[in-house]
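Remarks on the structure that follows.
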Amino acid sequence: MAVLDTDLDHIFPSSVLPPLWAKLVVGLVAIVCFARSYDGDFVFDDSEAIVNNKVAGVVGRADLLCALFFFLSFLGYCKAFRESNKEGTYSSTFWVLLSIFLGAVAMLCKEQGITVLGLNAVFDILVIGKFNVLEIVQKVLHKDKSLESLGMLRNGGLLFRMTLLTSGGAGMLYVRWRIMGTGPPAFTEVDNPASFADSMLVRAVNYNYYYSLNAWLLLCPWWLCFDWSMGCIPLIKSVSDWRVIALAALWFCLIGLICQALCSEDGHKRRILTLGLGFLVIPFLPASNLFFRVGFVVAERVLYLPSVGYCVLLTFGFGALSKHTKKKKLIAAVVLGILLINMLRCVVRSGQWRSEEQLFRSALSVCPLNAKVHYNIGKNLADKGNQTAAIRYYREAVRLNPKYVHAMNNLGNILKERNELQEAEELLSLAVRIQPDFAAAWMNLGIVQNSLKRFEAAEQSYRMAIKHRRKYPDCYYNLGRLYADLNRHVDALNAWRNATVLKPEHSLAWNNMIILLDNTGNLAQAEAVGREALELIPNDHSLMFSLANVLGKSQKYKESEALFLKAIKANPNAASYHGNLAVLYHRWGHLDLAKKHYEISLQLDPTASGTKENYGLLRRKLELMQKKDV
């Protein structure tokens, strides 16, 4: 072990710049690459991970946190060898245990983090221990019983460290199993079509094609897409498919690198190649489909850690090339050119992540057959109010994937809003036939059926939605509206009450309860419900307005006036607010104030017939009063 302290510094290719300058340059390059998107919108998965996530938005940084603790774990393991010469076994063991703990933290950030233990083991055996596979194989073939290298490794504590790493890994997997169970997440064929192929050969060929595509993205990250599922990469089903060439090229390169890493007579070269391949391959294993089915075809995020190995191999390759040629300036120019091209690509891609529209449209040129790309563009257009264009993209998404229930649901919603109810019902009915537990589609189908006056079918659809999603306040709200249309007032009130129990800030449900109780003459109950609602949602001007109407009818004019004025302050351009306040003043006898607010209301909405009629009555009354005075 005496040579380890000096050898460790030479495993990684050394920096040309001093350490401080190297860090500053890397940091500056990173800022230049990603500065365009630092003030961009929250896009794609950010909506669920950050915007709508109540526990912490840090979940959106899983890959970065995993990488941080992954490298800390590896560096801690390296520290164990530096400390072994200084303070003995105890200090070395401490650093190994710390490395295992940091690996566990990396795994908690993202499952991929556990692979650092495998990397540490490979690093220990092949890099630190200088385990020469070729030499061992030769001894085994010649039946050499000495195998002195194994004895040296055992004396150096290798078995003890491997025992610690194995125990730590087993412990992590056990804890993970206790918390999350043994069953893998449920994925569909559109998420990872190769894993659903009947033929094992088809699965193997396509898995290897996915590996080659990942390798190409490291070499040339030009084809980048936020999602690679839903037909983005068609399956290879025949050896005549030209894409099998990519598989051959991948394994030709990998086998060549592995042979050099394990069998080269140059120990320094062997150790750097081993480390580079370890960083390249081991962190990628959880995404390889070898141990379990994953929920994606290609995911650029899983290449974050393997890119370290790629950089090590690329740096070593250019270093070796420069030693065997006199054109060192040309090599340096090529390296700088690659760096600049990748920086440019990073800047361009960073700009595409500034907004959902740019991100989704950038994917069309990469994956034009991906139904999810068309779906997301359609959703973005619908959110901006461009329903006509959104319909076109939703239809294309359904054409590309006839079982895409989310696209059917969204398309059905738009058609419902455009009063194209028949086609909306057909789409939503198809969606729930394909996915019977799709609660949102059941609810939207109920809304369409309600609009078509098919009340029994609508009630059944609402009930199915609640069956599949018991805590569904919006569905209870719509069910209450159905019951109100059928004059089943008690059922309507119960449905809206359920909505407010599940979602206390459900303003529409509270409002409908107040209005229904008001219209049926239950003013005391309406007032109680209104006060309860305002305690929960004190700044909701629509609730202030509804309660003010009830109080006015109960001749509580002062309190009603205060609520009307507060509602108008929050929403001064609501014609009905001014109109109903004018009615209050009219009843109360404050005729000048009534005239003022009638006029404001008619300025905001000249077509309001009720306000016109009341204003006319007030003017006639004022004219009569003037005549009497005369």
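Each residue, glycine too, has its Cβ placed from N, Cα and C.
Not measured: the values here are computed from a predicted model.
What TrEMBL says about this one:
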type	residues	note
DOMAIN	183-255	domain 'DUF1736'
REPEAT	371-404	repeat 'TPR'
REPEAT	405-438	repeat 'TPR'
REPEAT	439-472	repeat 'TPR'
REPEAT	473-506	repeat 'TPR'
REPEAT	575-608	repeat 'TPR'
TRANSMEM	20-38	transmembrane segment
TRANSMEM	58-78	transmembrane segment
TRANSMEM	90-108	transmembrane segment
TRANSMEM	114-137	transmembrane segment
TRANSMEM	158-177	transmembrane segment
TRANSMEM	244-263	transmembrane segment
TRANSMEM	275-296	transmembrane segment
TRANSMEM	302-321	transmembrane segment
TRANSMEM	330-351	transmembrane segment
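Long-range contacts of the repeat 'TPR' (439-472) within the same chain, counting only residues at least 6 positions beyond its ends with a Cβ under 8 Å from a Cβ of the stretch, are 405, 408-409, 412-413, 416, 421, 424-425, 428-429, 431-432, 478-479, 481-482, 485-486, 502.
Long-range contacts of the transmembrane segment (302-321) within its own chain (CB-CB distance under 8 A, at least 6 residues past either end) are made by residues 12-13, 63-64, 66-67, 70, 112, 115, 214, 217-219, 257, 269, 272-273, 275-281, 283-284, 286-287, 331, 334-335. A contact links the transmembrane segment (330-351) to the transmembrane segment (20-38), because at least 3 Cβ pairs that are 6 or more residues apart lie under 8 A. Between the transmembrane segment (90-108) and the transmembrane segment (158-177) there are at least 3 Cβ pairs closer than 8 Å, counting only pairs 6 or more residues apart in sequence, which means the two stretches are in contact. The list of residues near the repeat 'TPR' (473-506) in space but at least 6 beyond its ends in sequence, with Cβ under 8 angstroms from a Cβ of it, reads 439, 442-443, 446-447, 450, 455, 458-459, 462-463, 465-466, 512-513, 516-517, 520, 533, 536-537. Looking at which of 20-38, 114-137, 275-296 has the most CB pairs under 8 Å to the transmembrane segment (58-78), the answer is the stretch 114-137.
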